Amino acid sequence: MSSTGDHTLAVEGLTKRYGDTVALDGVDLTVEEGEFVAVVGPSGCGKSTLLRVLSGLEEHFEGRAAVDGVDVRDGGSDAVGMVFQEPRLLAWADVRENVAVGLPSGVDRGDAAARDRVDDLIETVGLDGFAGSRPSELSGGMAQRVSLARGLAYRPEVLLLDEPFSALDQLTKYEQQDNLLEVWAEQGTTIALVTHDVEEAAYLADRVVVLGGQPGTVETVVDVDAPRPRDRTDPELLAARDAITDALGL
Amino acid sequence: MATTRETDRIGSDHDAESDSGVLPALSRFRWLLGLVVPAGLVVVWHVLVATGVFAPHQLPEPLRVVGTLYAMGVSGELWGHISITLQRVFFGVLLGVSVGVVFGTVTGLYGLANDLLDPLLQSLKNIPSLAWVPLFLLWFGIGESAKVLLIALGAFFPVYLNLSTGIANVGDELIEVAEVYDLGRIESLRRVVFPAAVPSLLVGIRGGVGLAWMFVVAAELIAASQGIGFLMSDGRVLARPDIIVGSILLFAFFGNLSDLAVKGVERRVVDW
Ligand SMILES: Nc1ncnc2c1ncn2[C@@H]1O[C@H](COP(=O)(O)OP(=O)(O)OP(=O)(O)O)[C@@H](O)[C@H]1O
Ligand SMILES: [Mg+2]
């Protein structure tokens, strides 16, 4: 086991190129078990790329990316689930079937417990009544919540979320944020969440990683020390927000 | 007449209450517009023959064609021809689609199979149907198998081509979903790749059924003693243009019918 074996997520000197485009340049990041980390940064700075590397979707990159000490290219990504930036739903399948895609491979989709789990998740993301609908019958925000439910159904050790609430109205967004915190607390999941929303990052995360520039590098990491359960108006959250905003250069 | 129109109006007004008045009701009959030009052509046809522009031994009057078909139907002669042709098309399509599904799936899934087979099949596809007939007669005799195989060959290519590209081009986005959620090879084929390729398969089957009708004509014109194609060549030998035109209309009718059937299946299956 290497020196990175102690961390749930370990990224060292990660550089990722797409042809001539350098998407990430020497990124270092470690995330501990059960930690909630948010990643913010301007559009195009490589946030999605970072999650793609961690979830094992990128074969080629320089540096190291490991989950529990196992390189993501050697099966380390098996413990990782991801909610994509786009919903990516199966157009021919209804909401229930789409959520069931996330059920771990050991689970039999047909048995009653699995069905209950899927139905519960559909309810949790506020889509009860739409279990039999096709994606073409859903709004953008509803599709995004189906995709979120699919990710939660997977119950991974590490959950990566790429702007999972970006298409939701404020009220629904707050509900889903609190729901995610509940799942996180209940299951001890390690979470890395990408967002453009500074308030969201501060409210949810233990630490906020600010990526900057193009190619993306880590600008700074802001610790959010506010106690949980958090109050959205906690002065510490406001301070964290200011620190993040400063780091983003806004 | 007046009463039917009245009830139509009442019925449709009721349906379209929340829509914009009478227009939706009219648009329901829009497909009838497609019949206007053909009906006009039939009238022109009749007039041209009746006024002697075309000699009756070259082009019969429309009514004469209908009469001939009717008489053959009553005498029972027609049904044998129709049923043997339908049977050939049915089995040919069945065989061609099955083989097309196998080849399309294998080449769609495996790049190596595609590299080995696709160039050959792509060039075979361009051989005209008639060019195969002599060879098939030589190989399989003039029995049913030669004709069914020829039709199968026609139905094969569109199915193969569409399914192969359909499977190979399933979006990376969905493939990545299957990967991230560890569906495994079999499950990701079953739940993602194959369903995503179903629309392409149905487009292929539609094309295949269309080509099957072209190939059945080729087979029956040259080497048959029964079937609509035979009827047609018999009409030429007997100098009976009414039989020739009647056979053309039969092909048109059954060709359209089978296309509508596949289209109906397509609409039911690809309903997302
Ligand atoms: N498949 C690809 N091929 C080529 N370039 C790519 C590809 N994916 C990403 N890039 C490039 O990498 C850079 C980072 O992209 P990425 O999607 O990670 O940005 P992001 O931070 O997620 O942006 P956003 O906030 O808009 O989602 C961009 O410059 C983009 O053009
Ligand atoms: Mg992104």
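Cβ from N, Cα, C; glycine included.
A TrEMBL annotation is a machine prediction, not a hand-curated record.
Feature list (source: TrEMBL):
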- B:1-17: compositional bias 'Basic and acidic residues' (COMPBIAS)
- B:1-20: region 'Disordered' (REGION)
- B:31-55: transmembrane segment (TRANSMEM)
- B:78-261: domain 'ABC transmembrane type-1' (DOMAIN)
- B:89-112: transmembrane segment (TRANSMEM)
- B:124-142: transmembrane segment (TRANSMEM)
- B:148-171: transmembrane segment (TRANSMEM)
- B:192-223: transmembrane segment (TRANSMEM)
- B:243-262: transmembrane segment (TRANSMEM)
- prompt: Counting Cβ pairs under 8 Å to the transmembrane segment (B:148-171), which of B:31-55, B:124-142, B:192-223 comes out on top?
  reply: B:192-223
Statement: Highest Cβ pair tally under 8 Å against the transmembrane segment (B:243-262), stretches B:31-55, B:124-142, B:192-223, lands on B:192-223
Query: Cβ under 8 Å to the transmembrane segment (B:192-223), counting only same-chain residues 6 or more beyond its ends: which ones?
result: 85, 88-89, 92-93, 96-97, 100-101, 104, 108-109, 129-130, 132-133, 136-137, 142, 146-147, 150-151, 153-163, 165-167, 170-171, 174-175, 177-178, 183, 229-230, 232-233, 251, 254-255, 258-259, 262-263, 265-266, 269-270
